[in-house]
Structure formats: structure tokens, C-alpha cells
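The domain 'PLAT' annotation in TrEMBL covers 1-29, 64-182, 195-320, 349-467, 585-700, 712-830, 843-964, 981-1097.
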Amino acid sequence: MNNETTYYFPCQRWLAVEEDDGQLSRELLPVDESYVLPSEDEEGGGGDSNPLDNLALEQKDKSTTFSVTVKTGDKKNAGTDANVFITLFGTQDDTGITLLKSSKTNSNKFERDSIEIFTVETLDLGDLWKVRIGHDNTGKAPGWFVDWVEVDAPSLGKCMTFPCGRWLAKNEDDGAIVRDLFHAELQTRLYTPFVPYEITLYTSDVFAAGTDANIFIVIYGCDAVCTQQKFLCTNKREQKLFFERKSASRFIVELEDVGEIIEKIRIGHDNTGMNPGWHCSHVDIRRLLPDKDGTETLTFPCDRWLATSEDDKKTIRELVPYDIFTEKYMKDGSLRQVYKEVEEPLDIVLYSVQIFTGNIPGAGTDARVYITIYGDLGDTGERYLGKSENRTNKFEKGTADTFIIEAADLGVIYKIKLRHDNSKWCADWYVEKVEIWNDTNEDEFLFLCGRWLSLKKEDGRLERLFYEKEYTGDRSSNCSSPADFWEIALSSKMADVDIETVTGPMADYVQDGPVIPYYVSVTTGKHKDAATDSRAFILLIGEDDERSNRIWLDYPRGKKGFSCGSVEEFYVGGLDVGVIKKIEVLYEMTVWTGDVVGGGTDSNIFMTLYGINGSTEEVQLDKKKARFEREQNDTFLMEILDIAPFTKMRIRIDGLGSRPEWFLERILLKNMNTGDLTMFYYGDWLSQRKGKKTLVCEMCAVIDGEEMMEWTSYTVTVKTSDILGAGTDANVFIIIFGENGDSGTLPLKQSANWNKFERNNTDTFSFPDMLSLGHLCKLRVWHDNKGLFPGWHLSYVDVKDNSRDETFRFQCDCWLSKSEGDRQTVRDFACANNEIREELEETTYEIVIETGNGGETRENVWLILEGRKNRSKEFLVENSSRQRAFRKGTTDTFEFDSIYLGDIASLCVGHLAREDRFIPKRELVWHVKTITITEMEYGNVYFFNCDSLIPLKRKRKYFRVFEVTKTTESFASKVQSLVPVKYEVIVTTGYEPGAGTDANVFVTIFGANGDTGKRELKQKMRNLFERGSTDRFFLETLELGELRKVRLEHDGSGYYSGWLVDKVEVTNTSTGVATIFSCGRWLDKNRGDGLTWRDLFPSV
């Protein structure tokens, strides 16, 4: 009062629940009186005459708008009728008590399991660190259970979560109705901060120019960086109030920062309301300069209708700036105003889009179709393809429809997105191809599609991405929506863009890690049905389970698919996965549930697949959208290891849920790359009460009507040793392993002896109708350690394959006991029939020689094989006119008897002239491409990639030496290495507080020759797995070969079950080779990702 200073606090905002952002209180900033009391000589006129109108942008920049999301728990009586309030605390200030009155999601707030969203606007608080939430305990049911509170601040680019999980009630918990919540740092999400924009839209002075529709805008910067699509009106009342004829509608919105330059905007509306048509004069966008010392205003001329009944009947327009008006405060306090035209704005281009619907039954659609076109300068946004330029009835079978799309220049077009809304009776649509022309520079872009957009066909998608034919970048993003099925990649025409610098929406879809080139060669078989015109892709999996996205292998130029016997080469880019261990293939799996009363199930279903090239791990089938119901066939996609052709499938259910039984009819697998079909028939119950009274079944693969495996029955004879206490009361189980996979778990239940497994007794068990495992190699035996006397001393087990009339013996002679021997209750035994035979004196080798196109020969060829044990004598192949060998592009096969050489390491090859044969002066060469040698006794195959020109010589001292390129070890040879080995397992627990566990811990070690099975890590009278401790265990099993993985898990029992594992070290005590498996993660339901198991891979 003494200084007679007057402060002016402008507001110009609603304080109302049903208006604006619903807030009942505002924080205001003082401004200079010149904004409130303009000078007398200032001219008026129009909406810009009030200086306060120009303050909204600056005031928005100085405030922070928080979006507060509150989750009410899913508990009985969790909702509240009380008045809820919140206080946000920052490092510089707090908001004070703010009532949460106007929810954006529900009129009846804070009901059980509901989510409410509120807006809280305040001045700068600094870094947010605490939230106080509470209520006034009024109403009929004031008690409230809060799950969590999320506070999103777009201007800060930060979304923070504040967990609660407690009652705010006088009669619950500790009786508190106000709680202080602190943010969970690991759940904080960071993104590009938003900035304020002042957007003014001018409606023309044209008859019926105003609109009741909801207007939206998208702002584009350089390099295709853009904001989200933002609707400007927040409610129906604003839609009716704004956008009247000859009016200016001003909005202050927060959107992503698109950089220093705005290249274009897209405006449009949703075509709703009584009068949706709109004639836009122009658009002004004002924003602050980077140093906040002024503003710039860009003007975007339009003067066009956005209406379905006017002009070109489009409701979307793309506009480019015409001029920029800059106001900047100088250091002396003066205001500098600069007006300039935009230099080289983007051109507005007409694109002709021709869409070809396939000529197959049911290909046409009546649904509403939408397209988005992507170029290196931006995209068109989603456009409705409403009016065809050449046809009245669009998207009919075997037709082509042309559409005109007006947009700012997109640059080089490399991708499109097509979708439809699945409306009308015939919605399914098969798209053959799409052609796009730039009518300005006549550039043409071709997109080969050949896919269904249908919920009923292929993978059930209504939306797909397609890439331009000449595009050579990553095509792993062929599927779209949801985002985890696709990745946005940069085209070869954008190759100069560094992936590390990609920002905005694209940053979420670029695969993390170094991208390297791969050379891929695909050989199609010569079978009459081997060809395909489908699109193929590969997934690469490295030794640490590092995997690439889908790498699409699109047809070479001029080809329409992969033809029979063809060899196609591709140069593609993908994630560097290190040493490639395996490749996955996409399969479509269809499961038929039988038409039987009660045939559907709620149980969890698990599947294991076996093929010629190995087997998969057990995977759970995803039960979504009421799958596996009576008389229903369910189709879904699965990524399966490349082990085809398949031989059998094992299906298991866990027997849980309200309907624990399932009637499985059959299962079909379709290779999405080749179209190959494999059928598995069952037609019975998986139930403990019905049918075969089992929860597990095995089905033989049927390909082209032929079963891939033979059926047999096994008789298992178990001999218990004749020593004191040898018998057991426990339940015994076995798994039989052979060249065709394994038998799965077989319980030894029904024996001719009433009291099984007694001392010096022999028990016999029969297993009829089993798929043949072929030559047996290993047996796993264990028991559950139950009963009064669980310890067991096993003498041997005989397994008889009744169809082959062959018996395989597994000699044991050891304890399976927790108190005897080495205290193990799980044992693996090698087949005694496969004991290493006496070293062969002689054997036969098959030699296959491929001659290349670089030169054939009529002369003789000689070879000497170098083995690890011996060296062969010379093998001379004499050429003659009657039996001509070594012609161009042919292969020749020979047999060679020799002493046993062991593993072949190298090969000497000579090119020798026949006796008395004239050799011309010019050099004669023979092009040897490959040599393949098969040792016939064991079946081991040695491959030599020679690809060399060998000159013709008269003397044997001239020859070439080739090292073996690849060795394929046969099953019979692998059997020889199955000898018992002890593995030392060292487990190190982490050092963080609470790192130790009281749960029961289990480990499974996987190697090239198999796995150990699930083994419990336990020691008597020891407190294991304490914080910072190192625990040592010994496991005996058959030689595993190269160790590939360790699975560590616990059962969640005990008072403190959470466990932080530092690492696991496994040492083969026979060779001394140690393999370290690093972990550094929690196995805890309440921490991290909540998993209580981990798959660990060898550290580099």
C-alpha cells in the first residue's frame, strides 16, 4: 500500500467441474498493467484487440499440467463415496489440497476396480517426489482401497507411478484416511517432453462454413517427426461454440516438440454433428522461440472445404506454411518484429493409388477401407478410400480401383498400411497389389501384397503393412497392430539415417543392437509340391538366445515364388545374434475339440513337438478368447524350431480348473512359409476318469496320408538288487530315450507282483500302443522319495521293443536314495548294448564327388584320407570311355574299403594322367566342387567344400589338401559317448539385502547330448542359498557334451522365497572344463518380472 503498486492476475479460464479441464481452483501469475489496461491510442479490431489473448501461450509455458490417474483396488467394498483430494509435492513447491472432482473416464468416481483420470494444473513444482492422497470420510461408504496413483507430466516428459495397495478407511488397516505415496523409480517412464502451441483456426465467410464436427490437427517437423493426432475440443459444448462462420477459434495445447522447423500440418474432422461440413480459411500456429524470448507465428493457407458433400469430398487437408511472423524481445527491451515468406515449402501433390483385389473366391470386401502412405518426408495419415475414380462398387473380386489422395510431398514412398473396419456382411478382403503414382514427378511405387485382411483367414488380422518392391531394408514389420508384431525400419533410401538418432514414434520400433548383413541361401526341394508363392522369412537365434526380428525373404526380380529345385540367394540385414544356433519357422496351428458333452476344458495345455532334426521344449498353448471349447476349432500362430519334418507330438494338460478334462479330436500344423501340412490324430479324452485315463497323449505325425513313425509296445523289466534295504516303497518313474525322441514320463504302477520293488525281485510292466523310439540309448529312472522306506538299490532295467523283438539292457547297480551312496534319487543310464565296440580293423567309406562347371576331366583321380587314428592307402579312380566320370555339373559315387581311420580330418586329392596319355602344353584342370565321405559302419558324414581347380600332372607328388568343413555325427556314434560323468554345480547368491531364499531350488542342465532332468539342489544339515554365499553340489549324469543352457528355479515355499542369483558355474569333473552362466536377477514373484525361474546361457 505504501508503494501504491497494483498487481494484475489475469485468469480467463473456467472454474467449473463441467467446463474446461474441470478444476475448481487456479494458480495465477501477475502481469504488467499494459496487458490489462491498454493505452488509449491502441487500435482495436477483431479478436486480437485484447492483449490478454496473447498471454495464454506464455502462461501455459510457465505452468505444468499433470494428468493424475487413480486406480481403485479390486476388493470387496474397495470403492468410496467420500470426497477425494490430492497434493503433489515437488522439490520447490506443492499444489496444496486439490479436490479430484471431474473424472475424464467415469461419472460415478472411485468405484471398485475403476480407473479415474483427472487434470491438475499448477506452477513449477520442481522434481516431483511425493503424492499425498486422502478423503474426508463422508458418504455412506467412505472406506477406500487404492491400488496406485500415476502422475503424467507431458511438459516434463515423465510419467511416474506411486504404488499404494492399502486401505484409506477408519475401520481397515491402520485406520488412516490420508497416505503419503512415493514413486517407484523402476516404473518411471521417460519420453520426449511436450511444448505448448497456440493454434488458431479461421473459419471462412462462406455460406454454411461453420461446423459442429470435432476438429483434429497433426503437426510435422523435419525427418517425418510428428505429433500425435490431437482433437481440439474437449466436449460437445465446445464443438457447438467454436468454428462458427467468420470466426477465429483459439486453442492452447501441449504436443510433442517437432523441432525448429514445422514443415506441414494435417487438419481434419470426424464428420459428426448436424452440420459437419467446414470451410477453413487458414490456420495460425504460434509457439515460443527456443530461448523463450519471443514467439513465432506460422500461417497455413487453406481456403478449402473439408466436407463429404463439397469440393473433392475430402474431410482431411494437408497444409504447408506460407509465411512466418516473429516477435523477439531484444536486450534493450525493445520488441523486434520480422515477417518473411517460407523458403521452399513442400509441394502439395496428388497421388493416384490403384488397389488390385485378388481373383480368388471371396476376395472382395464391402467393409470400409483405409490406407496410410509412408515416405521419408512423412506420411499421409490414415485416409478413408471412399470414392473410386473408376468404379461404383469398390473392391470386388479381380478388379482394380483407383483413388486420388492429396498430401504434402512424401518424398520416397517405402511403406503403406492397409486396414478395414470389418463392417458389412462380406468383410474379408484379399489384396493382390497396390500401385502408387506421384502425379507431379510421375514416380511409381509398387507394393506386392498377396495377403488376406480377415479375422477368419491366415493370422486373423484386419491391418497389414506392405513394403515397396524395390525396398531393401528390414521387412520384419509386415504385421502391424499390435506393435509387438512389427518393427518400423528405415529404407535403403534413408540409409544415411543413424538408428541411434531416431526419435519420436519410430524409436519404439527400431530393434536395439548392431545390425549386420547376412547372406541367406534357400534351396527348395524337388518334390512336386515343394514350391510356394507365399512370402518367406527367417528368425535367427544366437547362442545366448539373442534373436532377430522376422527377416523377410522377398522374391527375386521377375519371379513369383520359390520354384521346385530352385536355389535363391538373399542379402539381408538383421540383428547381430553372434553364432547362429537355430532358426525358427512360423506355423499356423489349428486344434479341434470334439463334439462330446463336456469336451471343452479350462485346464492349461502343453505341447512338445518332435521332428527328424530334434525336438522343442514343452510350451504352453495360449488360451485366449474362449479357446478349446466343445465342437470348436481354434487357430493361432506359433514360432517353432526348424525341426521338420515332424514325427510326433506330445500333448499334456495339468488337470486344473473347473473343467479339468478335454476331448481332443486332432491338430493340424501348417508351415506358413511352404504351406506344408502335418496332421496329428487322437480322438479321445485327456482325463483321469474317462477314456484312457491319462492326462498325456502322443500323436503320430501324418504327412500326405502317411504315418511318420511306427507303433509298438514296450515291456519293462526291473530287477531290484539283492542287498540289505534294497527295496523301496516309493513311486518309481522312467523316461526312455531313443533315436526317435523320448517316451515321456512313464509311471511304473501295475506289476505282476502285488508288492513292487522288493529285495531281489523282478517286476514287469507293459506299455502298449506306443510310438517306436527306434534304437534305445538312455534311460532315466527316479522316484518321489515317499513311503516308509523310500531308498532303493536298482540292479538293472531291461526294455523290450516287442515289434522289433529286441531287448535293451540298462545296467544300474547303484542306490537311488537320499541317505545312501551319493544321495541322488535321479539316475541316467546308458544302454549296455551300446558299449564301445572293439576298434574296427576295416570299414567301408562311401565317397561322393561333385564336379563343378569350371572344368571336367577324362583322366584319373586319386585320394588319400587322413584320420585321427590312421591314414588310408591311395584310392585311385580310373576314368574310361565306357564308364566316364567327373563330367561338368555331375556327382559320382564310389565305395572304398580301408582300415578304420577314426574321425577324418583332411583329404589329399590328385589329378593324374592315364598311362601313355599325351598331355598338351596348355594346362588341363579339373574343377572339384565338393567331396562327401560317409563312414558306413557308424554313419558319420564328413563334408569337404573344395571348390578348387586341380591341374593334370604325371607324377603323384602334385596334389591338393583339403580340411574337413563340416561333420555330421550319427546317432550310433553319439551313443558311444554316453558314459557317466559327475558335474560340479556351484551356485552364487547375490549380496543385496534379502537375496537369500528358503525355497526348494531345482536345476536342469542342457547340453548337446540331452539334459539332466530336473534335479533338486539339497544338502543335509546345511542352510543353503544365503545372502552372499557360494553353494557346491555334485550331479551324476551321462555325458552332456557342450553345455548350452541351465534352468534354475524354486517352488516359492518358505517364509523368504525371493532369491537373487549372481551366477551358476558347472564343471565337467572328467575333463575339468568349467562353464559360467551369469544371472544377476531376482527369482521372486514380487520383484522384477515376477518369475521364479530363469534360463541362463553361457557367458562369453
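Numbers run from 1 along the shown chain.
Yeah, the Cβs are placed from backbone N, Cα and C, and that goes for glycine too.
The DSSP breakdown of the domain 'PLAT' (64-182) into helical (H, G, I), extended (E, B) and coil residues amounts to 0 helix, 62 strand, 57 coil. Helix, strand and coil counts from DSSP across the domain 'PLAT' (585-700) read 0 helix, 64 strand, 52 coil.
Below 8 A, the CB atoms of the domain 'PLAT' (712-830) and the domain 'PLAT' (981-1097) form 3+ pairs separated by six or more positions in the chain.
Across the domain 'PLAT' (349-467), DSSP helix (H, G, I), strand (E, B) and coil residues number 0 helix, 62 strand, 57 coil.
For the domain 'PLAT' (981-1097), the DSSP counts in helix, strand and coil order read 0 helix, 63 strand, 54 coil. The residues of the domain 'PLAT' (195-320), classed with DSSP into helix (H, G, I), strand (E, B) and coil, number 9 helix, 61 strand, 56 coil.
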